[in-house]
Amino acid sequence: MEKVCVLGAGSWGSALAMVLAENGHDTLVWTHRAEQAEEINRMHTNKKYLPETVLPTNLHATSDIAKAATHAETIVVAVPTKAIREVCEKLTAELTKKVLFVHVSKGIEPDSLKRISEILAESLPAEKVDEIVVLSGPSHAEEVVLHHPTTVTAACADIDAAEKVQDLFMNQFFRVYTNDDVIGVEIGGALKNVIALAAGITDGLNYGDNAKAALITRGLAEITRLGVKMGGNPFTFSGLTGMGDLIVTCTSVHSRNWRAGNMLGQGMKLQEVLDQMGMVVEGVRTTKAAYQLAEKYGVAMPISTELYSVLFNDVEPKVAVDALMMRMKKREIDEMKH
């Protein structure tokens, strides 16, 4: 039995905490909202994020980050990308021993263009970090809590650390593979949210299955181009954390990014969409980072670029789609390389 703390009591943090508790681990969830911690402890529910779910009675919560830090041998970071530095700052003062960190956030920090593992390595004291492992893949929280079969990947340059995380989470409903390609896994997990926003827009415009199939395929091509240029393994992008996560995020009603894109395609403005969603839509922030990364690495990312225009330059979605369709003629395989 491992002592594990999950930082973040949103839908994904709560679902993973449920997996860990059901696997017999001593699991504590940290939330910055005291009333949410009390609800989890007293009612064994998290109505805002998982309204139909009863949480295990051996899963506990706290709003005291000092208690969270001292409890854990392994810490799972399940907070939005924009909150990671702030949470790490609070956590750093309370860490008393070396800890294995697992992050499950999918994003890239705009401007700094750092991946999550880089932000963690920069924000946490090195002497208190055992290893940093990323856990990613096609995994909607709403299905995990129903024990629907789910398969993900644990990635770390230190494969022993990845295998430890594999052992922590794996059970008959939740299968975990390992990978040593942290860059590829993180880039695939982050950028699929960008393509999912675009997929939602095509559905909002009622453009049908042909358009969405093309968008997913061409989206994978540009994710792969960038990921390989940044040092990722090209084979990673055809795996669970690339194509797998892209499919589920572009096609499922559980996907926040798809839902947000769908509203944009129906004519809503970005701020209206974000206000109505009431939850973090990582793809919006990541689109800005993707646009910056494309410029930095000199990689063609036409879908991400047009989406950036829709989100931040008030270009109409239909105009952006027309621009993609009328790009210069290309050979498909050559275009996937460059």
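All positions are counted from 1 along the displayed chain.
Cβ coordinates come from backbone N, Cα and C, glycine included.
As recorded in Swiss-Prot, the features of this protein are as follows:
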type	residues	note
BINDING	SER11, TRP12, HIS32, ARG33, LYS106, ALA141, ARG256, VAL280, GLU282	NADPH binding site
BINDING	LYS106, GLY137, SER139, LYS192, ASP245, SER255, ARG256, ASN257	sn-glycerol 3-phosphate binding site
ACT_SITE	LYS192	active site, proton acceptor
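Mapped onto this structure are the features recorded in Swiss-Prot.
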| residue | record | contacts (Cβ under 8 Å, 6+ apart) |
| --- | --- | --- |
| HIS32 | NADPH binding site | SER63 |
| LYS106 | NADPH binding site | THR81, ILE116, SER136, GLU186, GLY189, ALA190, LYS192, ASN193, GLU282, THR286 |
| GLY137 | sn-glycerol 3-phosphate binding site | THR150, THR151, VAL152, THR153, GLY189, LEU240, THR241, GLY244, ASP245 |
| SER139 | sn-glycerol 3-phosphate binding site | TRP12, THR150, THR151, VAL152, ASP245, VAL248 |
| SER255 | sn-glycerol 3-phosphate binding site | HIS140, ALA196, GLY200, VAL248, THR249 |
| ARG256 | NADPH binding site | MET277, MET279, VAL280, VAL281, GLU282 |
| ASN257 | sn-glycerol 3-phosphate binding site | ASN193, VAL194, ALA196, LEU197, GLY200, THR249, VAL281, GLU282, GLY283 |
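Here sn-glycerol 3-phosphate is bound by LYS106, GLY137, SER139, LYS192, ASP245, SER255, ARG256, ASN257 per the record. The longest Cα to Cα distance in that group is 16 Å. The Cβ neighbour count for SER11 (NADPH binding site), using a 10 Å radius over every protein chain in view, is 23.
DSSP assigns LYS106 (NADPH binding site) to coil in the three-state reduction, outside any helix or strand. The Cβ of LYS192 (sn-glycerol 3-phosphate binding site) has 34 neighbouring Cβ atoms from other residues within 10 Å, across all protein chains displayed.
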